[in-house]
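Q: Below, the features straight out of Swiss-Prot:
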type: ACT_SITE; residues: C73; note: active site, proton donor/acceptor
type: ACT_SITE; residues: C181; note: active site, proton donor/acceptor
type: BINDING; residues: D10, S11, Y42, G43, N74, T75, T182, H183; note: substrate binding site
Amino acid sequence: MDLRPIGIFDSGVGGLTVLKRLVEVLPGEDYIYFGDTKRVPYGDRSEEEIKKFAKQILNFMREQKVKAVVIACNTTCAVINKSEYDVVLFDVLKAGAESAALYTINKKIGVIATTRTVESKSYEKNIKIIDKNIEVYQKACPEFVPLIEKGLYNSPIAYETASKCLKELKEKDIDTLVLGCTHYPLMASVIEEIMGENVKIVDPAIKLAYDVKDYLLKKDLLNPQIRGKAEFFVSGDKDNFIKTAEMLLGEKIENVLHVDIEKY
């Protein structure tokens, strides 16, 4: 038994899609969520900047006395060295690669992600560790995150933008598409409509949530309470964050606190 909370962080609202899955699988846990809304998006930032941001956020999480941290940001997962940190870390990118390799039948997988994640080739590397015969086609969709952060994920402009970005992958005969950024599940209905029913859309957060549960069970670290709570911290704008959080989690969000993350 361990009553400490689980930490989750992302560049903005995207990680809320991961929090939603975690609450579904582990409703008794308490959660500390940090959204770096001041510095979003991460996708076009340098590797050095992202590493610095991750260090600051993990220092903040350590101060919150969390028992584990879920990195709900594929871009961060793609560039940091997890072994440098003395906290248990769960990697959304690794979970996505494992899920995609499991689902594909024709061994043709598409990955949409931020520019930085695509350039790192982290998905391709992780998928090919599992099965070197799988073909991986990656496409950067940098326009998605700004739209989602503004709450425009189901708008006509979202459909138009997604159609342009996905055109190349539609021509590759993929049967599996990884949403390689935790913001992208907010556009899942748009993406599914464009790709068609024959393409399996993979949300890495589903497997990730079960990975966390398996770890807590194995280490006897589960919180025994029936229903936990979530606390939210942001570095910048609260308004769109609260709106998206309430829509995703289906409840009123009042405890969103501002934190000066750069002091960490």
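Along the chain as shown, the residues are counted starting at 1.
Here the Cβ of each residue, glycine as well, is placed from N, Cα and C on the backbone.
What you see is a predicted model, and the numbers here were worked out from it, not measured in a lab.
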Q: Report the residues of the chain - excluding D10, S11, Y42, G43, N74, T75, T182, H183 - with C-beta within 8 Å of the mean position of the site's C-beta atoms, for the recorded substrate site, in sequence order.
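A: Sorted by sequence, the hits are G12, G14, G15, V40, P41, A72, C73, T76, T114, T117, V145, C181.
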Q: Can you check which residues sit near H183 (substrate binding site), meaning Cβ under 8 Å from its Cβ, same chain, 6 or more apart in sequence, and list them in order?
A: D10, G12, V13, G14, T17, F144, V145, I148, E149
Q: Distance between S11 (substrate binding site) and C73 (active site, proton donor/acceptor) at the Cα atoms, whole Å?
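A: A Cα-Cα distance of 7 Å.
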Q: Around the Cβ of T182 (substrate binding site), how many other Cβ atoms lie within 10 Å? Please give the count over every shown protein chain.
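A: Counting Cβ neighbours of T182 (substrate binding site) within 10 Å gives 35.
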Q: Measuring Cα to Cα across D10, S11, Y42, G43, N74, T75, T182, H183, which the record gives as the substrate binders, how far apart are the two most distant ones in Å?
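A: Site span for substrate, by Cα atoms: 12 Å.
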Q: Using DSSP with the three-state reduction, classify C181 (active site, proton donor/acceptor) as helix, strand or coil.
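A: Reduced to three states, the DSSP call for C181 (active site, proton donor/acceptor) is coil.
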Q: C73 (active site, proton donor/acceptor) to C181 (active site, proton donor/acceptor): how many Å between their Cα atoms?
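A: Rounded to the nearest whole number, the Cα-Cα distance is 7 Å.
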Q: Provide, as an integer number of angstrom, the distance between the C-alpha atoms of T75 (substrate binding site) and C181 (active site, proton donor/acceptor).
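A: Cα to Cα, T75 (substrate binding site) and C181 (active site, proton donor/acceptor) are separated by 7 Å.
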Q: On a C-alpha basis, identify the one among Y42, G43, N74 that is nearest to C181 (active site, proton donor/acceptor); the candidates are the binding-site residues.
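A: Among Y42, G43, N74, N74.
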